[in-house]
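Colleague: I have a structure here, written as structure tokens, and I will follow up with some questions on it.
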Amino acid sequence: MESECPTETKKGKSKTPKKAKESILKQKSPAEFFAENKNIAGFDNPGKCLYTTVRELVENALDSAEAISELPVIEITIEEIVKSKFNSMIGLVDRERVDEELYDDYETAKAREKRLAKEARAQEIQAKNAALGKKVKEHAVSKSSKGRGEASFYRDNGRGMPHDDIPNMFGRVLSGTKYGLKQTRGKFGLGAKMALIWSKMSTGLPIEISSSMRGQNYLSFCRLDIDIHRNIPHIHLHEKRDNKDKWHGAEIQVVIEGNWTTYRSKILHYMRQMAVITPYAQFLFKFVSDAPDKNVTIKFARRTDVMPPVPVETKHHPSSVDILLIKRLIAETSKQNLMQFLQHEFVNIGKPLAERLIGEMGPEFSPKTAVKSLTDQQIVRIHQLFRQAKFDDPSGDCLSPAGEYNLRLGIIKELHPDMVATYSGSAQVFEGHPFIVEAGVSVGGKDVKQGLNIFRFANRIPLLFEQGGDVVTRTALKRISWNNYKINQTQDKIGVFVSIVSTKIPFKGTGKEYIGDDISEIASAVKSAIQQCCIQLKSKIVKKMQAREQQERKRNLSKYIPDATNAVYDVLKEMAKSHASKKKRYEEGDADILRKVSDHLITKETLYEKLTQHVEKVDYEMALEYATQTGVREEPREDIYLESLDDKGNFFDFHSPIFVFRLFL
């Protein structure tokens, strides 16, 4: 019996199924990946791109200056570039529109009439609000502003960059000098490279870098962009120029698409917070536009010459390493045997502990085991023991917090609060990484809103976005009972400043926007630091309340002095009359007073003066009695920071009820 093949057609021809197209394995360079996923690095939209570019390059400048212990001087200029100017920069001739309706800013006559009517109403409301003294909101951004460029210019006095390294430092993603185990502002080698990638995507213009290192007699100039597909720099010009002024530092100019209007407040807020956490730096910020009324120039002056110590690179803590890291350390170590390797490559492993660890690993391990010959199984055993064994915590000596002196000074300088308290905790540990939490809480101040105003810093950089899920915000809102410290959470102007430094900040995402609330060690340290500040403030607030009550009591007593004077004097006059007419006789002392009243030696003015003196005396005695009862030991104690100065003897006057002073020796 013959069967018909299922692939045959009615005409007897077989239909061969089409071959599936073979998938081709492709690779993407790091630059290409981040160009396609730029939001990961904080480049979400033109406004955010402008903000992130400012942030990344300012932080690079601070790191550069602090690395050579140079007081930072940083200039930032953002220039608004209109379409016609941008076209002339790239050599493109402006062309008149032919089909107006093709463009997204085209509006019909009816739409234009509606828009003008809406703008007229808005202007009328603004005029009324201005007349009443209310705050006037800025006009919304019109669609016509879309697509403009911003030229960002940066200059700093840092250490500069080696001539031959400049192309790779700016034109190769995930290359950098900050990959060691060290407290740094940047970690990923992305910041300046992402600005260059965005420049290439949005304007097509290269970045320009001028740099010179200290003592160098030439200046390096480089104009480059990036080959995104190959992740290598594309150099337009790279040359050495004369450096007659012996200047050192870096100048960077990049032209990107941005939106100053929507991110103006964020950028200025960032600069203000940076001035708080780095009062030893001088910032000059400028926004330049064709419209003079839009120009902005702000100088954040230096208020101290005391810089935090330079962070030092440290070794890995045994409890923080994984198998891959152990293998890398073995490949890179110069030590020959296991004993030397454990002592040299990890912190808190001395010779006695290394011997105990090797003894616990098993019979196949010995102090003289060649470290390069360890098998994968043996490395896993080492890792397992590191995870289970007990080690001393890292000391935190490698960290460089801002310091209470700088934090307090920065808060006073920028907010001018009525009172402020600061606290710096000792080093603590999570996952083998040391961290330090510093906090400041202020009450009152200039340009401070009612309620909680939270300022967050990580490795001395401000965090402005995604505040809701941050450990500092959640702690301040949910875990601090402000009323217990005589602080009204809704009515008082409260500034909460928390700075966290660590060799590994557990950011959520490469955008470095916030620190998660899921690490109990950090959450507990943040809460404790804020509470310590509140305890200091409570004693000041209570003292202030008592002084206010004393003033009120004195005011109330003083208010009745005239009435009491009149009443007493009238009684004395009546008594003097009866004494003179011998209707009633008084003791000699009383009689003497009454004679003085009759002779006008005691007048209303005399009584008024005596009563006033009595009120003053009683008020003083009550205050003295309170101080005696409470005791000196309960007086609030404040740390005084004494910093050495150079031979110049520079100093600053602080016109504030709260002050920081130095002792000159």
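Glycine is no exception: its Cβ is also placed from the backbone N, Cα and C atoms.
The annotation region 'Disordered' is assigned in TrEMBL to 1-24, 136-158. Positions annotated as ATP binding site by TrEMBL: N60, D156, T177, K178, G186, K187, F188, G189, L190, G191, A192, K193, K512. The annotation domain 'DNA topoisomerase VI subunit B transducer' is assigned in TrEMBL to 394-553.
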Colleague: Taking every residue in the domain 'DNA topoisomerase VI subunit B transducer' (394-553), what is their average pLDDT?
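Modeller: Within the domain 'DNA topoisomerase VI subunit B transducer' (394-553), the model's average pLDDT equals 88.
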Colleague: Including all protein chains shown, what's the count of other C-beta atoms within 10 A of the C-beta of A192 (ATP binding site)?
Modeller: 22
Colleague: Looking at the binding-site residues N60, K512, which sits with the largest number of other Cβ atoms within 10 Å of its Cβ?
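Modeller: Counting Cβ neighbours within 10 Å, the top one is K512.
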